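Pulled from Swiss-Prot:
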{"type": "BINDING", "residues": "64, 65, 140, 141, 151, 168, 170, 181, 182, 183, 184, 185, 186", "note": "NAD(+) binding site"}
{"type": "ACT_SITE", "residues": "64", "note": "active site, proton acceptor"}
């Protein structure tokens, strides 16, 4: 790899010290580096839309939220992403700041792989009509939760048009394998290797003894319907995609979820397996 761009979260790297160190290190090794305006250093700057198509890798400094946002911004450019963890757990990040230079040495020696990971599309239906303007893609998850301080909500889960679960609770998470270590994990859902092609459906605090996580193939379609409550209110629930896009839902609204055509590409260095990452993040030796 010879051409890079750097996207930094200034809330995580306030004085851009880490960004500056990385820029100098890459340029000292003969690499061409672009830095987004949000990162604002000296040199060749560009916003995300102006990043040249021949950039081979986007280096993102921040937590998982920063990496997710950058991945969405760069999706149409099809640029692989290498995350540098400035957050807490950082499951999407490949590099820790303390081992940054050693990690980049592997990159320069072509000791890496590019993982192509599946995404999911979510389309909202209101009164039976698809809101095409509200079709969004998720790298991690689509989360449907109760609105504000409302009561628990009722949901119906359909797979390929067939109802499989009805329950009341705080909501439901539909996640990709990449998102299985996020909110899905916190809600008691399964951990799935990110190379898998499947969709996880995990209830959030269900008021039921029978509601459990369900795993389906990537060829299946999942549909969530908001059920009517005894005391219907204007805003029953909220759907959130990758922690950013959100939309209010009413009773009988539906969300159709299926595998997306787009895929996100993440750089993985040799010797950094998913299971090694799990042991490291969870503190197991």
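The chain as shown is numbered from 1 upward.
Including glycine, each Cβ sits where the backbone N, Cα and C put it.
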Assigned conformation of residue 64 (NAD(+) binding site) - DSSP reduced to three states: helix
Other C-beta atoms that fall within 10 angstroms of the C-beta of residue 184 (NAD(+) binding site): 26
Binding-site residues listed as 140, 186, least Cβ neighbours within 10 Å: 186
Cα-Cα distance, maximum over 64, 65, 140, 141, 151, 168, 170, 181, 182, 183, 184, 185, 186, record's NAD(+) binders, Å: 30
Among 64, 170, the one of these binding-site residues whose Cβ has the fewest neighbouring Cβ atoms within 10 Å: 170
Other CB atoms, at most 10 A from the CB of residue 151 (NAD(+) binding site): 13
